[in-house]
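Sequence annotations record features per position, and here TrEMBL assigns transmembrane segment to B:6-27, B:34-53, B:59-80, B:92-116, B:188-208, B:240-260, B:305-325, B:331-350, B:409-432, B:452-473, B:536-566, B:573-592 (among others).
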Amino acid sequence: MSIPILEVVDLHAAYGRIEVLRGVDLRVPRGAVVALLGPNGAGKSTLLKVISGQMEQTSGDIHLAGVHVAGAKPDELARLGLTTVPEGRSVFPNLSVEENLQLMSYAGVPASQVLDTAYSYFPRLHERRYQLAGTLSGGEQQMLALARALTSDPALLLLDELSMGLAPLIVDELYETVGQIAQTGVSILVVEQFARTALRIADYAAVMSGGRVVATGEPDEIGSIMADVILGGVA
Amino acid sequence: MDSFLSYTFIGLFTGAAYAIAASGLVLTYSTTRVFNIAHGAVGMVFAFVYWDFSQRQHMPAWLALALVLLVVAPAFGVFVQRVLTRGLGSQPIGVSLVVTVGILVGLIGVATQIWPPASRTVPQFFAGHLITLGNVVITWHQVLTVVLSGVVAGCLYLLLNRTRIGTAMRASVDNPDLLQLYGGRPQLVAALAWAIGTSLAALAGILLTPVIGLQYYDLTLLVISAYAAAMLGKLTSLPMTYVGAMGLGILQSYAVGYLPSAGNVAGLRAVVPTLFLFGIIVLLPQAPLRIGQVKGLVSAPVPTLGRASIWGGALVLFAMLLAVGLSTSNLLLLGTAATYAIVMLSLVLLTGYGGQVSLAQFTFAGVGAVAYAKIDQPNLFGLLVATLVAAAVGALVAIPVLRLTGLYLALATLAFAQLMDKLVFQASYAFQFNNPLHAERLSVLGLKIDGTGSYTVMMTIFFVLLALGVIAVRRGRLGRILIAMRDSQAACGTLGLDLRWLRVGLFAASAGIAGLAGALFAGLRGTIVANDFQFFASLLVLLVAVIWGVTSVTGAAIGGVFLMYLPVAQSDHANIAGLLFALLGFGAVALGRDPNGLANKIFGFNSWVVDRLYPALAERYPGMALRSRTDEWDGAVDGVDDESLAASGTEVERDVVVAG
């Protein structure tokens, strides 16, 4: 079996004295979409923060494509091909759409190519290219955020709560795009509270609870035990 | 017509220099959210550096200029960003104001230390080259300045709007963390912005020096014009800033040309930029409340009234002892310390509790002093009137800027202080120029307090009473509202609290306390001059208050003594006078992030002894009978500030020093 694109081994992390991750083990195989599910406060977003370099672990290891990364800054990881779309609206509200897209070229793809790809996937962004991103609707902002995932040709894509605060129809639309990205061979780790949406596009799924991964498996299996996990059955 | 033209050209020249300075200010503010009060001081220091290179070391002008603008200034800018102002943008506005005021004072100190006062001249660029248009003569220097300002504006526009790093600069204001996820480097971007901003400040300083002279304060305060211009662009728009700077330059030039140079409005010519700034701030649309900005500061503990009274009584007794023992000149110093302490008390109320920053506290003291001297009623009535007059003036400043918060309010007070300095205090109804006012010592209920010793004791009593009053306010409902306002105005708004009039009241009360201090000071000295209440002193008061703790009465007491001692130390050790300023300024930079200051460290000492030292000693010497406290929460609420409790976990009881 080939080396997984992401391997997390016995990862611990804490906010001050409060330990949030208590020994997380997780693998994302190359080219696979892994859905990370779990109730509020399970540590999902914290895990993404640690992987993307925004937060430092207290112990444990992270391997990206077999390379042990320790103490790497988020901007270094971003330039190496790790694209993170954090939760909330991850756009710069006071820059125009086009300027937002221009900044995406930091990940290594030339700006003109970024613009082409983004506009071909989302014609709506082209219509609004001179508009400030903060004045876009929530769904359009998330499109803009996803455009970074589309255009930067990442080795690994981390998506945190894409659905937050959006209408179900728009969520479906966005996840369709995620599915398209996955088909191009990008490895994706999706964090999502709405299990069904994420499981539809996932190859594997993992469930976190209380700072640990408590279950892993095929989407179908996980889907059938989700209720138990959330209600505290599996541990 | 000819004179009109030549005034226009002079105006264009000054406007161009303002534009250069202002665009630097806008650049640093819009990329790091730090409003650099010290921008002018930076320009001043680099004008001196340029003088040093070109005149003292006889480098060619172009080499000196290139060295300053391309090497020294950017390096200094990066240093300031990396070391002094890092992370300030996300702090409460008061903190970043204090830190940059600290840089301002520190830079003035450094400049006076390295280049002691002497007459220095910097020649114009291309000196002797003139252009004659009819009867109007323009120097190449002026033309160069105007051209450079255009080049700077154009380059900055291109940088910010047409390049990726410029876009990243603007992005880093919105969300530096996200920029990092994009692969950008917010620290690098901020450093670049500060490097360019500092260079622009230096360029403006160097261009203006041949015209206004190489002075510490003139160049530093010149930045007020830049503030005004930048405000017109709401601190973000470069084109508007440019327009504002040019307009202001021309306006000022016409003011110099056509306003009367004598009489009560003679000072008007000097304060055109300040009036401009004040006007723009007042007319500015309301700044939106920034939400999600709950940055509650952990306050110093507030003592019970009983405990405070005991310490206050002890302080008065101590002052009595000193009054018997000290010489008259030393007693005058003690009285001065009491004055400063009372002024700082006004800051405890305003800044420490209310979270508003004022850069004009000493001006209010001056108003109180003038009122006290003018009405010539050396009794409690006169004192009351002086206090009320100062309070009314304070309210007057606060009302027009009622809608504004933080930075704008602080800048309004700065503009106000400057106005009073140049316009009102110099006028015939106040001090006039260098004309001392006479004031009588106070009499309380028919009992005249004549001796310097007894007067000093009385001032101490006033301090203690006011301190008790401030503590009582803090412990009551009003105090809770103040703290809530300081922590989050938006949250207060959602609770339905109307804070506008509270802010005016707070400002008035604070100005009143400062005015009272001024009145008492006038009585102490007998004669007062405008120089006693200079604008610069207000900055020092703020810095010292923050260093010693602007959230506690103790901080005010110690700070008062410290500020009194500062000029004494400076005259005792004249060769390091500048260094002392620099120490004070950079001390504030270091300590400004914790407004609780050094006083709070003193409060922590007792519990440190009991909680840390006693157990350690008891372990080592088991036989020693040391009382170690038990970690229980019983009775914790009684008489203890809940904020400090939340912060310090296990501390159950607190021993608090009120006045020292």
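Cβ coordinates are placed from backbone N, Cα and C, and glycine is handled just like the others.
Unlike curated entries, TrEMBL annotations are predicted automatically.
Contact counts against the transmembrane segment (B:6-27), taken as Cβ pairs under 8 Å, peak for B:188-208 among the stretches B:34-53, B:59-80, B:188-208, B:536-566. Counting same-chain residues at least six beyond the ends of the transmembrane segment (B:59-80), those with a Cβ under 8 angstroms from any Cβ of the stretch are 42, 46, 49-50, 53, 103, 123, 125, 191, 194-199, 201-203, 206.
A Cβ distance under 8 Å defines the sequence-distant neighbours of the transmembrane segment (B:34-53), meaning residues of its chain 6+ beyond its ends; these are 21, 24-25, 28, 59, 63-65, 67-68, 72-73, 76, 85, 88-89, 93, 96-97, 100-101, 103-104, 107-108, 110-111, 114-115, 120, 122, 197-198, 201-202, 204-206, 208-209, 214-216, 219-224, 226, 235, 407, 414. The transmembrane segment (B:452-473) shares more Cβ pairs under 8 Å with B:331-350 than with any other stretch in the list B:92-116, B:331-350, B:409-432, B:573-592.
Contact between the transmembrane segment (B:331-350) and the transmembrane segment (B:536-566) is supported: at least 3 Cβ pairs lie under 8 Å, counting only residues 6 or more apart in sequence. Taking pairs at least six residues apart, the transmembrane segment (B:536-566) and the transmembrane segment (B:188-208) share fewer than three Cβ pairs below 8 Å and do not count as touching. By number of Cβ pairs under 8 Å, the transmembrane segment (B:92-116) is matched best by B:573-592 from the list B:188-208, B:409-432, B:573-592. Panel annotation: around the transmembrane segment (B:409-432), residues 37, 93-94, 97, 221, 224, 227, 231, 264-268, 270-271, 274-275, 277-278, 281-282, 356-360, 362-363, 366-367, 370, 397-398, 400-401, 528-530, 533-535, 538 of the same chain, lying at least six beyond its termini, place a Cβ under 8 Å from a Cβ of the stretch.
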